[in-house]
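Everything on this sheet refers to the single structure shown next.
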Amino acid sequence: MYGDNLLQASRDGDEAKVRALLQGGADAHVRTEEHQTALHLAAKRGYRDIVRLLLDKADVDASDENGNTALMLATKSRHKEVVRLLLKEGADTEVSDNENGQTALHLAANLGDLAIVNMLLEYGAKAGEIDNYENTAFDLALAKRASYHKVMQSLNDGNDEGGEDGEDDEGNWKHKNAFTFWKQDGELSVRTIKTHPYNDCEVIFSPDGQVLASLGSDGGITFWEARTGTPAKPFIIHLQRGVYGMAFSPDGQLIAVAGRDCFVRLWRFSNGELMRTLEGHYREAMSVAFSPDGEFLASGSNDHTIQLWELSTGYLVRTLTGHSGCVNAVAISPNGELLASGSDDKTIRLWKPSTRELVRTISGSSEILSVVFSPDGELLAAGQSSDTLLWNSSTGDLVWTLEGKPGNISRAFSPDGQLIAVRCKNEIHLIEVSTGKVARILKAHLDSVHTVAFSPDGRFIASSSLDETVKIWKGGK
């Protein structure tokens, strides 16, 4: 019991409770279903003081089910102080993850984080280690844009081998294995956009399908012409403390942003003007969703609540409580009658937003990362850390489970409801909704895929990846 409480307190950043539990004999080796310890949970969230408390009793090199150590999770989240603390405690820099065979140095190079790269090299990380795709950390940095030169120089100082690099005809930084256009079977073409100098976390289409917004872990949102892949707007929305989620209003006039600073902001899409800041959550805002009529906005937060906002006034009209963990995702059904919320507490809750009534609780097997209704509202899909699941939204009955296909599926139903796109390592799998079987596999990314989204007319699929590209796939229509 103490162990489970320690996991929750470490996840929530409750330093006083962690200290009390450890003093009371709580087991620091207890794991979640994803085999993460309290140290994993604190490290990936950047809770330095909690990490320091846990290090006295925890295994600094323990790996979760994906092969990630606390050092790797802190590196992915760019928590420099936690990285240095773990290195001082002797964290092993040579451990690699299961999915890509990448070490913490690969991850830091891929992010272009010079400070973490230098820290890792200082503590003995080997720049010549290769991942499952035969890339060294130098190769990953080289595949990025020219602003990564300092990172590459640091890596080159620790490695005798480099790679060929240069610029393409348009002046884009290009790796020897990079490409800008690719075809498969003459049916699909894909355009590659070099995006943020950090890994992209999310992509969404505007309601008219003309514009694609990409969100990077640097807190920047950039807008692109879906048809050409060229910049669509002269401005970039940027929040220094980071952004966790975004959504277009149904009329395409507004874009809502869930911020790490606990605020939800509404921007005018036409000119980038900040229209309103919604203050109500006391921990990170994780996700946002507009009602189909555009009158309300729902936001999910790490404070375990869902808040409903009236857009015309900015007033907080309802707060939905009941989750015992971070609310990672919210979605509203096409008819506006149901709101789905997915949480770290491994449940999906279905609510009537008009009355606050909890209609149903659906239990998953691990943390719920994303939720999405089918276009007709009859089905509800959810992404977990290792699986994708599909339920009947009316009965709560499980339709099928896709094992080994995790991730963010929040915009992944095709408009006709016949397909759902899920990520599987560096691939995109198009799944037949009726059978749960793979209809097609799309390959082009060089690193793990983060999110996938269909355009409203179904002609395009957009995907974002750790390789720092957004790819826009076009069908043969």
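Here the Cβ of each residue, glycine as well, is placed from N, Cα and C on the backbone.
Copied over from TrEMBL:
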REPEAT    34-57  repeat 'ANK'
REPEAT    66-98  repeat 'ANK'
REPEAT    100-132  repeat 'ANK'
REPEAT    193-234  repeat 'WD'
REPEAT    243-277  repeat 'WD'
REPEAT    278-319  repeat 'WD'
REPEAT    320-361  repeat 'WD'
REPEAT    442-477  repeat 'WD'
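Nonlocal intrachain contacts for the repeat 'ANK' (66-98), taken as residues 6+ away from its ends with a CB within less than 8 angstroms of a stretch CB, comprise 34, 37, 39-40, 42-48, 51-52, 55, 58, 60, 104-108, 111, 113, 115-116, 119-120, 122-126, 129, 131, 217, 385. Residues 201-202, 204-208, 213, 215, 219, 221, 233, 235, 237, 283-290, 292-294, 297, 299-301, 309, 311, 314, 329 of the same chain sit 6 or more residues outside the repeat 'WD' (243-277) yet have a Cβ under 8 Å from a Cβ within it. Helix, strand and coil counts under DSSP for the repeat 'ANK' (100-132) come to 17 helix, 0 strand, 16 coil. Per-residue confidence over the repeat 'WD' (243-277) averages out at a pLDDT of 91. In the repeat 'WD' (243-277), the DSSP tally of helix, strand and coil residues is 0 helix, 21 strand, 14 coil.
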